């Protein structure tokens, strides 16, 4: 991080720079051997191409000199007199810095030192502050060179920065929807569950329909043959297919689990009773959100520095180009691993804090006198004793994700050499690693709860968790699946409304950008915010029932070994287990009937 910040120049990427090594919009240091470098460009924030209508695809810099100017010409300039008049009126000089505006019409070399005539009208483009020509002929050629040939990082940053206000607004929408979901789960009822499920179904179907309609509209109305347009169309197709598959799976699950709504309501009432003992648990995602945002901003700043780390080299004509450092270019892989590991570490700290607070309240004998400051107590124990547990668990998840990232990179690199067999192998491997990631994540979360209960290290807690789950897997799974599925539907609902807002905002904005990247970012942010807030309910559910199982194994309800649980939780688990036993018995009787065995009446 330190080396990339020192060696990099993020300003070159964000604000653009001229052909002589000057970053537009700031005061620059001189480059040895480049006489026109080191100029004060504080008032010159726009990047102007002197030959914007005749750029070559192979080498933009050698074909056209780039300057920093005060403003872009909004009207066409047909002669050098027009260029001179524009410079005198606006203070924006469109010729090379060494040529005074007084000599625009007198210097015999003015044709080579000034822009090629006529100069088309142009407007500044966000992020790079480039003067984009507005005539159709120049615009098409300019876009094909500076958009199709630019690297992926520039495209992504271009789309994000040009729509940064819209992205921020959609993120606030996701935050508001997540808070609404928390309120719904906090005061849930049977009617609210029915309304909530209906909204999820309508949202899924509506978003799928909009995605397929937009894809059809793109395939029949592709106006400009830009790589960004084609990539937008491909991403829309991918979004549509994924959303359709998810919608089909969720509709089937909703139909299968529709009869368990009443149990789900009771389950959330039990969970809310546990949260009432420490209501500040619902505020933990806010602190996690602030820490993650700070880390992500820092990570992006370092990524920009990595992308611009290079040494200035003077070429012919006193122009400057930047040669990237060979070693630092490949450090983004290490930087990506740091992003995954640190993000998982921060989320795991929240999980451990919530688990510790719920465990403290659950194993309190006197329910009428709850412990003082259980959240602060859990956080202090985490910082003093269990940092290694959090580091190991988050690193285990990171190790499971690295092969998936490598597979995706290889799959995209070899896209021209793929055949049906290789596609099948890659998809099978990716599916296996995805399943491993989900299993390790669930095991790690249960291990954190065991650590909060027993105070043991990560490996010991994971071993004890496996033993507990092996003895009580059916009981835990049958109960937890109710609440976890409803909570997941809440996350899906937040993402649906956020993505729909992004589709309406991005698709109809004619800015020069690849808008599917901001849309993907908004979808990720929406799901992340919903997960951060609603995962509190998931964590409380997991902690309650793991504590319940341990309570049953260590106590028998007698006066010598009374249970820690309250009667409401015990009666709910008994009713849930009775329902499952009835369902299993019904399935067995149905199987016997199909085999010709006479059904026996059930005596209760």
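Quick reminder: no glycine exception, Cβ is built from N, Cα and C everywhere.
Looking at 97-123, 124-150, 259-285, 286-312, the stretch flagged in TrEMBL as transmembrane segment turns out to be 286-312. TrEMBL assigns the feature transmembrane segment to residues 167-188, out of the candidate ranges 35-56, 57-78, 167-188. Check TrEMBL against the ranges 195-216, 371-392 and you find transmembrane segment recorded for 195-216. The transmembrane segment (485-506) makes contact with the transmembrane segment (167-188): 3 or more of their CB pairs lie within 8 A, with pairs spaced 6 or more apart in sequence.
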